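To keep things clear, I will list the structure first and then write my remarks on it.
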Amino acid sequence: MTRPIQASLDLQVMKQNLAIVRRAAPEARVWSVVKANAYGHGIERVWSALGATDGFAMLNLEEAITLRERGWKGPILMLEGFFHAQDLEAYDTYRLTTCIHSNWQLKALQNARLNAPLDIYVKVNSGMNRLGFQPERAQTVWQQLRAMRNVGEMTLMSHFAQADHPEGIGEAMRRIALATEGLQCAYSLSNSAATLWHPQAHYDWVRPGIILYGASPSGQWRDIADTGLKPVMTLSSEIIGVQTLSAGERVGYGGGYSVTQEQRIGIVAAGYADGYPRHAPTGTPVLVDGIRTRTVGTVSMDMLAVDLTPCPQAGIGTPVELWGKEIKVDDVASAAGTLGYGLLCAVAPRVPFVTT
């Protein structure tokens, strides 16, 4: 038998999350973002649950090819475009839509020998300051690309830096408006946060990512608690050991947790080598036998300890939810000083996945 830890994926929930996105942006088409191996869920496991999407967006060429080989015939958007000029041969073969965010990509596309034009997304830097042409260059770049024989349909894209913050998207929208004044074009601007909270930015295509998987773009579950979105992944395990400790005894490496009175401690088959956050402190929420309790002490490579005081019936084999439907990944991440995105993407290869 394998260790009891596993990641369960509820594909029906993923379908429902996509439906919620559509209701949030009813006039827009949807790019379902499956980058980072579908945010750690496994693109081959989940893509069929998103089959009602209008297109898939990702980074990795190999994953795009996999989708084509599995039978997806709709659009595929490569969010960072091609990384080497020679990649354009595969983009041509598999009919991939490419982002163009820099001069070298523009020149490579111009010089490529393609069988048919590629649809492109011209990326404008609206304040994130990662990729994209500066707003004042946008129209020149647009006209250069429009004149190329290798270019098919064109869309203008940008990525909001603060769609989940009080500052919002006002300044970014102002920059985009200046960049595109007088330009007739389709737009794709909205990430998960803007899809939920900024309908004025929906335009033609939205690009939801983390919300499809049932986590919050702000990192706070409370911000999406009333949307109907639900977690797709449940990371669960079991108690494999129980210790009854006296006052003054300590738990884990470094003895970071000290028992103040007699206390039962459960040892769970899960640790940082499985993707559970190493820096999750004492008090991080966890569910034991359906009862909310907390971790205690330091997370080790293969195990962590939990307080069994609220669940005296718990013993060897008792189920533990590390995150999922009841213990939200955002809450675990917040306790550990990180984001739910990072935890979902970091589930280790040694953890078996099951789909329902």
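Glycine too: its Cβ is placed from the backbone N, Cα and C atoms.
According to Swiss-Prot, the features are:
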| type | residues | note |
| --- | --- | --- |
| ACT_SITE | LYS35 | active site, proton acceptor |
| ACT_SITE | TYR253 | active site, proton acceptor |
| BINDING | ARG130, MET301 | substrate binding site |
| MOD_RES | LYS35 | N6-(pyridoxal phosphate)lysine |
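Local packing around the Cβ, expressed as the count of other Cβ atoms within 10 angstroms, is greatest for LYS35 among the recorded positions LYS35, ARG130, TYR253, MET301. Annotated pair TYR253 (active site, proton acceptor) and MET301 (substrate binding site), C-alpha to C-alpha distance, rounded: 11 Å. It is 17 Å from the Cα atom of LYS35 (active site, proton acceptor) to that of ARG130 (substrate binding site). Look at TYR253 (active site, proton acceptor): DSSP puts it in a helix.
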